[in-house]
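Annotation source TrEMBL lists domain 'DUS-like FMN-binding' at 1-295. Annotation comment: TrEMBL describes Gln53, Lys122, His154, Asn194, Gly195, Gly196, Gly222, Arg223 as FMN binding site. The annotation site 'Interacts with tRNA' is assigned in TrEMBL to Asn80, Lys166, Arg169, Arg288, Arg291. Annotation comment: TrEMBL describes Cys83 as active site, proton donor.
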Amino acid sequence: MMDWTDRHCRMFHRQFSARALLYTEMVTTGAVIHGDREKLLGFSGAEHPLACQLGGSEPQDLAAAARIVEDFGYDEVNLNVGCPSDRVQSGSFGACLMQEPQLVADCVAAMKAVVKIPVTVKCRIGVDDQDPEEALDALADRVLAAGVDALWVHARKAWLKGLSPKENRDIPPLDYGRVRRLKARLPQLFIGINGGIPSLNASEALLAEADGLPALDGVMLGRAAYHDPALMGAVDRRIYGLETGDVSPRQAIEAYIPYIEDCLSRGIRLSHITRHMLGAFTAVPGARLFRRILTVEGVKAGAGVEVLTSALAALDEAQERAADRIADSAA
Ligand SMILES: Cc1cc2nc3c(=O)[nH]c(=O)nc-3n(C[C@H](O)[C@H](O)[C@H](O)COP(=O)(O)O)c2cc1C
């Protein structure tokens, strides 16, 4: 998610689940081909499995960028056909490509011709006054024919005129049924769903049949996973069926500390890393104190891991005090 996630965020999220597929934010073909690749694409081996999302609409540029992505070691390359920002529209890629399904298929074919890793697409159900029944079928049919390995559908339209990117993530209504109907028509294609999925309960419901329509093949969580990373602690058990214990936020943070120490030794500021864990504890005693210590102390020059350990200690104390109060009132 542009401006939100980065490699530090992915590495933190990886502590909660060994299996969940993590995605980069969108990087444009121009940046990949001409920019600082290590800065844009660099990642830690422990982040696998990892997909890189590209933004672009020139088949040959996408092929060149996909090859670079594969050489970097990514497990999948994904094409963005869902982003509605003005910047993206002026470059004629992102969600406006919903209006050009054959061009998207050409992009997929060009990428498939040069890489061995899966090539996937993330799209909307339509844009503006498109009929989602026709628009999504047209896109899916063409990318399937071009050999796409999976289609992820953000289950709402993007309205390219009149709504900000943020509004375009909330205002156009969600239509999960539309995505299930696509799966019914194209059972051979991996179809994943995204948009407004708040929890693992909701994820499990989408991964099961409903109302005579088939189960979807995958769920993609954006904002919920970012704001409440703790929900990912049960993903390996509940979604992947692994016989493994759930990971608590504290366990995830403790497992993440060696990575933070390594980043600090390379001159990265603590707050750049810990900003992704501000939502790790929600609705528990001490959560606000935890956040406050990280945001006030963590931004100071030279802040080290001790800020994080003191935030965890403050959380512990707040929880002990709360437990004492409950015991007192029960006595
Ligand atoms: C700050 C922000 C940045 C985003 N950047 C991207 C992006 O780079 N690529 C993309 O496919 N979707 C991006 N999205 C959209 C999300 O991936 C997702 O489709 C959308 O938020 C709906 O899913 P959710 O309700 O689970 O968050 C972004 C969303 C947010 C909030």
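The backbone N, Cα and C atoms fix where each Cβ goes, glycine too.
Could you place the listed features in the three-dimensional structure?
Confidence across the domain 'DUS-like FMN-binding' (1-295), taken as the mean pLDDT and rounded to a whole number, stands at 96.
Annotation note: Lys122 (FMN binding site) sits in a strand segment as assigned by DSSP. In sequence order, Gln53, Asn78, Leu79, Asn80, Val81, Gly82, Leu151, Trp152, Val153, His154, Asn194, Met220 are the residues near Lys122 (FMN binding site), counting only same-chain partners six or more apart with C-beta under 8 A.
All chains included, 23 other C-beta atoms sit within 10 angstroms of the C-beta of Asn80 (site 'Interacts with tRNA').
With a cut-off of 8 Å between CB atoms and residues at least 6 apart in sequence, the same chain places Met26, Gly55, Phe93, Gly94, Ala95, Pro165 near Cys83 (active site, proton donor), listed in sequence order.
DSSP assigns Lys166 (site 'Interacts with tRNA') to coil, not to a helix or a strand.
For Arg288 (site 'Interacts with tRNA'), no same-chain residue lying six or more positions away in sequence has a CB closer than 8 A to its CB.
According to its DSSP assignment, Arg291 (site 'Interacts with tRNA') is helical. Using a 10 Å Cβ-Cβ cutoff, Arg291 (site 'Interacts with tRNA') registers 20 neighbours.
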So which recorded sites out of Lys166, Arg288, Arg291 are up against ligand 1, CB under 6 A?
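The qualifying recorded sites: none of them.
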Using C-alpha atoms, which one of the recorded sites Lys166, Arg169, Arg291 comes nearest to Gly195 (FMN binding site)?
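Sorting the recorded sites by distance from Gly195 (FMN binding site), the top entry is Arg169.
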Under DSSP, is Asn194 (FMN binding site) helix, strand or coil?
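Once the DSSP labels are grouped into three classes, Asn194 (FMN binding site) ends up as strand.
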Cβ distance under 8 Å to Gly196 (FMN binding site), same chain, sequence separation 6 or more: which residues?
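Gly196 (FMN binding site) has long-range Cβ partners Ala155, Arg156, Leu174.
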State the Cα to Cα distance, in Å, between Arg291 (site 'Interacts with tRNA') and Gly222 (FMN binding site), rounded to an integer.
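Here the two Cα atoms lie 21 Å apart.
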